[in-house]
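Database features, via TrEMBL:
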REPEAT    48-81  repeat 'TPR'
REPEAT    86-119  repeat 'TPR'
REPEAT    128-161  repeat 'TPR'
REPEAT    212-245  repeat 'TPR'
REPEAT    254-287  repeat 'TPR'
Amino acid sequence: MLGSIFQIVDVRDDDNRVWIIRMTLCSADDHHLKTIFEHMKNEHGGGEKNLLSFGNVLADMGKFDEAEKYYHRLLKHLPPYDPDIARCYHGLGNVTDEKGDYDSSLEWHKKSLELRTKALKLDHPHLATSYISIGCAYFNKEDYEQALESYNTAFDIIKKAFDGSHPDIAMCLNNIGCVYERQKNYFKALQCHQKASEIRLEYLPEHHPDIGQSHHNIGNIHRSLGQYEPAFKHYNESLTIKINSLPSEHRDIALTLENIANVYKDKGELQEALSYYKRAETIYDHSLPSNHPSVIQIKEYIEYLS
């Protein structure tokens, strides 16, 4: 079994402080998962047995409640001034953002940035990571000017740290593109997302979820412009990648299903739209709290079309 690849199915914390993980063994044909696993292993600390990395992987797999509990438990055992404290704060900011608690997310990320600013040089890439996440919290709070300011600060740091192309540059371009989309500056948004996609295709494994994200966001622009066929094309490419690289109940799969439904709704094909909304609802119900904005919205769509 050495070197085998598993997909996380379920994670829970029992009463004896033991983490119980249920996994499925992937088949030898799941080459894309092996490639993604190797990339994630490097991304989260290589071969080191870093306890923090487990929390990060839980979050990447969409296990947000479990990741949040894990970060809090880890914080209780870290010595003062340990650099992993800032990383735990950052992780907590990410999972609270995913759960729709954007005020808490902003608070955690600002605490992380405060510690990192004291410990690191002002042009260190870890500061850029904090600025990106702060920008995401502002974006989700619909404060687009603050979001853009944070993303641009991160972009300036990353450009100095990495010459030419780098996945972190793609992340900044992706996020800046999302702000431009909300501001209805679709030409600039499309430019950002296309450039981000080019960088990701160059540096990331073929089925990496970030490539799926780029297809999703390019689909959003085409939908906003009323260009439904290109929107369908990119959404379906995004969906294929996400299904092949993420757990079946990951919220990012639901997000793409929901947007495919939106295109069908725009075209007046309401039964097709309803079918996709219901598929998205099933995933949201398993992956998000009942008061999350995405859960509330999808149920309103279904009620309207039923």
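The backbone N, Cα and C atoms fix where each Cβ goes, glycine too.
Source: prediction; values computed, not measured.
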Tally the residues of the repeat 'TPR' (254-287) by DSSP class, grouping H, G and I as helix, E and B as strand, and everything else as coil.
31 helix, 0 strand, 3 coil
Give residue numbers and ranges for long-range contacts of the repeat 'TPR' (212-245): same chain, 6 or more residues beyond its ends, CB-CB under 8 A.
32-33, 36, 170, 174, 177-178, 181, 184, 186, 189-190, 193-194, 196-197, 200, 252-253, 255-257, 259-260, 262-263, 266-267
Can you tell me which parts of the same chain pack against the repeat 'TPR' (128-161), counting only residues 6+ beyond its ends and a CB-CB cutoff under 8 A?
90, 93-94, 97, 100, 102-103, 105-106, 109-110, 112-113, 116, 168-169, 171-173, 175-176, 178-179, 182-183
Tally of DSSP helical, extended and coil residues in the repeat 'TPR' (86-119):
31 helix, 0 strand, 3 coil
